[in-house]
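J.: The feature region 'Disordered' is assigned by TrEMBL to 1-34. What TrEMBL records for 7-19 is compositional bias 'Polar residues'. The compositional bias 'Basic residues' annotation in TrEMBL covers 25-34. The annotation transmembrane segment is assigned in TrEMBL to 72-90, 96-115, 127-150, 162-188, 200-222, 265-283, 320-339, 418-437, 444-465. Taken from TrEMBL, the feature domain 'Sodium/calcium exchanger membrane region' applies to 95-283, 321-460.
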Amino acid sequence: MAAPRTNGINPAEATNNETAPLIPHHSHDHNHHHRTPTLFPIPHEGESGRTGFHPSHFFLVLWRSSSPISSFVNLLFPFVIAAFISRIFFSHSHPLWTFALSYIGMIPSANLLGFAGQELARKMPKVAGILIETTFGSIVEIILFVVLIINHDDKEEGGNMVPIIQAAILGSILTNLLLCLGVCFFVGGIRHVSQRFHAIVSEVGSGLLLVAAFGLLIPSAFYSALKSEAKTVEVVIGEGVKVVVPLEHSDDFTLGKLEDDVLQISRATSVALILSFFMYIWYCASSQHSIFDEVIEADEHRDADREADMEKPKFTATEAVIALLLSLACVTALLIFLVDEIEHVVHSGVPDQFLGLILLPLVEKAAEHLTAIDEAWDGVINVALYHCLGPSIQTALFNGPLVVIVGWTLGKPMDLNFEIFMIGLLVLSILVISNFLRDGESNWLEGALLVIVYAITAIACWYYPNPDVASSNSLQQLKLINRTVANAIEGLRQAFTGV
């Protein structure tokens, strides 16, 4: 989720410590009828001074991007071409090369997508701009989740994508909270010794994350509390034929029923979380006292590179749309390449949890991470903090629940029943972050400690067994029991019938 934009408004011009609402209100000024009617005025910060499409200017603006570090990322674009070549000619013989090239090619593609969305948002009214930045700031993650759930098929070996999706949801949050925020604190502390940020950004961000964590925790807690009470297993022998094998005495509460209950709770929780996300967006867009607007406006005006950024050449609206379409096509294709090769990556020895919690979130959030780090280096720590907390909030309240709804519509059992290990990581991470944000000041030591915590998490994920081997809070063990009992019954049938 991108930070609210300022449209060149100087906070010093605001009175009574108020800022203009993000949704404009109609004024009764009688002088308005003398103005030239336009569809919407383009703010100064979004004006390119050109119209249409100019190839030379287009590639110049694309190359310079939003910051020097983003410009450096553009050097990786040859990997995009190499990924397509590998996919077409060497996918069957060298699947790991296709995965690696697609993985690296995702970084410049996602960077271009974020930059093009930012350029287009600058040309829009404030509300439309925020919605565009919010959408394209998370579109990579949404596409990844949708591609994964479409490819989910637990009946085929290596086709169960639900554990990877669940790990990617929490991994995205952890990557933003620990790695990205830690690097921001570290680089900002090196250049500025210490940086102070406004309490409202940290307090509201931490509060929303706790609400989101509560919503994500409920299905897992429900399952953990009741799984010991389910004493029977439903064994599928053939098509349409089921046998209930009692493990101990039980009435009608089976693990199969528990699975259905958790799925329904996950879907209802997802609807509630999505509703809360839209309420949050509406409040930020319509409130006369926008919770972030004034703080971030003042922070952006203290940006050391603000004047240089204002003078940079910009995309025209046409060029911004073309860049969006181009980057969106590249991102979608590369994500499909990645997902298609996941089975080969797992078979090569990379654990599911490490792939979901670490590898995928790193590449899907690369553009936002680079932006946040550049802002911290420039001294606009409130904006950097928002770029770390905002995407985490959006993943927890919208992107994660959205994939549950998409799975629901596709008839695929995507739920929010996370591993206890992952839930523990999420809760502990939020507590660590809340403790570091409490004093309203950051330094390089706190940043280094957050990065170390993330490194410890990555190491633990590498050694965590795949869900089909060991599972602390899912029904993978139940499916293993189903297969084992079914095989035993089939062996007995053959022994008695001789067939």
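All residue numbers here begin at 1 and follow the chain in the order shown.
Glycine too: its Cβ is placed from the backbone N, Cα and C atoms.
Source: prediction; values computed, not measured.
Tell me what's around each of these sites.
T.: For the transmembrane segment (265-283), same-chain residues at least 6 beyond its ends with a Cβ under 8 Å from one of its own Cβ atoms are 130-131, 134, 208, 211-212, 215-216, 218-219, 222, 291, 393-394, 396-398, 400-402, 404-405, 408, 414-417.
Counting residues 6+ beyond its ends, the transmembrane segment (418-437) has Cβ neighbours under 8 Å at 163, 166-167, 170, 173-174, 177-178, 181, 185, 197, 202-203, 205-206, 209-210, 213, 216-217, 219-220, 224, 353, 357, 446, 449-450, 453, 457, 460, 464, 467, 471-474 in the same chain.
Non-local neighbours of the transmembrane segment (444-465) in the same chain are 174-175, 177-179, 181-190, 351, 353-354, 357-358, 421, 425, 429, 432-433, 436; each lies 6+ residues outside the stretch with a CB under 8 Å from one of its CB atoms.
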J.: Top stretch among 72-90, 96-115, 200-222 for CB pairs under 8 A with the transmembrane segment (320-339)?
T.: 96-115
J.: Is it possible to list how many residues within the domain 'Sodium/calcium exchanger membrane region' (321-460) are helical, extended or coil according to DSSP?
T.: 116 helix, 3 strand, 21 coil
